[in-house]
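Enquirer: I'd like to ask you about the structure that follows.
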């Protein structure tokens, strides 16, 4: 009975850590409505979004239905007026082939996309993406050692 309880506890710890390890947080903003989101970015906690809580944009849902975000992105767009606009958001798609995930929104035909940068770290500027996984593995072995 005790070993079954220990095993259940270890599995529960691993599941909760695995879920948190794959959730990525990205900044979500547009420089058109929020100047601090522009080229001179001013980090702000209120702009952070847990990407596991949202799905891909409508125009990408045919390509990535019910898929979790795989990274963060920063798109540089040129509006009709010719001014550069920065859009920061969660990225949905293959990190190794960003062409599909970075495609332009077809509902905005007059906006030209100048660039799309993709990264796989929280907030695109901080902790290594392997750090949460490595921590989860170490914690699992620590719990297993205690329960043994």
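Just so you know, the numbers here start at 1 and follow the chain as drawn.
Just so you know, glycine gets a Cβ as well, placed from its N, Cα and C.
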Enquirer: According to Swiss-Prot, transmembrane segment applies to one of these ranges: 107-127, 128-148. Which one is it?
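Expert: Feature transmembrane segment in Swiss-Prot: residues 128-148.
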Enquirer: If I take the alpha carbons of residue 90 (disulfide bond) and residue 116 (disulfide bond), what is the distance between them in whole Å?
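Expert: Checking the Cα atoms of residue 90 (disulfide bond) and residue 116 (disulfide bond) gives a distance of 12 Å.
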Enquirer: Please name the residue among the disulfide-bonded residues 119, 124 whose C-beta has the most neighbouring C-beta atoms within 10 angstroms.
Expert: 124
Enquirer: Around the C-beta of residue 37 (disulfide bond), how many further C-beta atoms are within 10 angstroms, looking at every protein chain?
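Expert: Within a 10 Å radius of the Cβ of residue 37 (disulfide bond) lie 22 other Cβ atoms.
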